[in-house]
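Everything below concerns the one structure shown next.
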Amino acid sequence: MTTCPDQHFSEEGHCKRCAPDCKKCDEHGICSECNNHFFLHLEVCVDKCPVDFYENTRSQTCSRCHSDCAECDGPDPDECVSCADSSAVLYGGQCFQECPDGTYHDMDTGDCQDCDRTCQTCKGSSSSDCITCIEGMVKNKQGHCVTHRDCPLSSYQDKSGACRHCHKSCHLCTGPTQHECLSCTESHYLLNNTCLVQCPDGYYKDQDGWRCVPCHSSCGTCSGQYECSRRCDTGYYFNASIEDCLRCHPSCKVCVGSELTDCVTCQRNYFFLRAQGRCYFSCPEGYYKNSDEHTCVRCHPTCKTCKEKGALKCDSCHSGFDNLNGICVSKCLSGEYAVTEDPEVVCKPCDDSCIECKGSGPNNCTDCPASTLITPEGRCLYCCDSPLPQPVDCCNCTESREECIVRSRFILKQMEYTDRPALFITSTILVILSLGGGVFFFLRSRSKAQPTEKSGYEKLANSSKPISSFDPKRASGGSSYWQEHVIEYRDHVEKEEEEEDDEDEDIVYMGQDGTVYRKFKYGLLEDDDDEELEYDDESYSFR
């Protein structure tokens, strides 16, 4: 008999994969156990259980609600979220045909709400709304339930029959202390016979009855029984439009919404890709797993795949690049990319926004100008706090300077969950910014038309000899030219990566004849830098 691994079953001596999200299945492929964060329902793994069922995290199945409930949080009759019988009323998670004693039917919410603590039955939440009083109390002339008809409000009758003042926080009481209140004075809220200025976590202030009332079981804090505040339980987020806590995507531990890309932190065994706000079980192409921080870290832009950070750690390269012992080297000059490779390499200029690139347009940059960051899509963007004119998108450098977190995504995310009425105003501002950005890139492209120095190699071995420049004709042969004529000082470059403070160190190469070359690159100067040359030591193009 063939033994198959998890997520597979044996059929005719071969291992076949179970259905998606299924961890174990029988010889017929019928699922018996689901992957983490999924629940088994009718032999299928789902991330959300249907109506009449709740997500049983212990058995990892969809379990049926109590027959009284249409929706629920658990199996018991007092864990209903809504009632199966449309004529029933909900109170404390339980469905009743009529509101029980001590409550009244609130026509606004359709649920049962608590009477004042002094009322047996009532028509509202106030102490003056009592119809009948609880045992040991009687109604006075003002309609309030009091302990003795002869004692005024805010007093009680002691054992000798004398009327004594209640504690100053009590409106009605049965004794002198603050823990013997039946109702409270204004600005105090009753909880377990004690009047409080603030309700504790898990309770909300009932302004009508001046009571602390329990929140719904899914809320950490709330402003009403079904109105969770922004502190929701782990795996839930606060939805401002319906004022309730909703479940995150199963891959998220903390989130700002229900979508796959709304994660803030991830569940166990998942890896967080910060720029996308998404949790991956396996990091996508162009990223590697950082097991210590449980994140997906971007490979160097010249790498297609990698297992470590840096330009020397590529496993595979993009089209138009050769892999030379872990370094992806372009077949073209700096500032160009390969269009075709067969029968010969044809190169075209990169987009003006790129220093180097792997393809056409502004979304294929592999190296960016100083003071810009590269996005996961390959765009070069300025920090949002840059004094230069900004296009619609910019990098949120307060979030991270290691990678570009595009600000427009965060702005729209916040609008969606916090301030929907501002959508029109913000959209108008974004349109204006986009027009300004167009003008900025037009002027910038014109400035790039000025002649600049080419990049190349300066011979260092003998100052009496002329400078040896890079010969594109000799390089047109592709990687064979590099393998035959250039030996890279890998230790020198690795040391350069480690010594981040040494910004003036050059990248050095040696030819097989013993001649040493130093790579140099010049760029346009800013207006206030007329006397300085700009050298980009972050460019690992190796051309």
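Our numbering is plain: 1 for the first residue shown, then up by one each step along the chain.
Using the three backbone atoms N, Cα and C, a Cβ is placed for every residue, glycine included.
TrEMBL entries are annotated by machine, without manual review.
Here is what TrEMBL says about this protein:
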DOMAIN    17-46  domain 'EGF-like'
DOMAIN    114-146  domain 'EGF-like'
DOMAIN    165-196  domain 'EGF-like'
DOMAIN    214-246  domain 'EGF-like'
DOMAIN    254-297  domain 'EGF-like'
DOMAIN    298-329  domain 'EGF-like'
TRANSMEM  422-443  transmembrane segment
REGION    453-479  region 'Disordered'
Field: Integer mean pLDDT for the domain 'EGF-like' (165-196)
entry: 87
Query: Against which stretches of its own chain does the domain 'EGF-like' (17-46) lie, if we need a Cβ under 8 Å and a gap of at least six residues from its ends?
result: 6-11, 53, 55-56, 60-62, 250-251, 267-269
- prompt: When DSSP states are grouped into helix, strand and coil, how many residues of the domain 'EGF-like' (254-297) land in each?
  reply: 3 helix, 19 strand, 22 coil
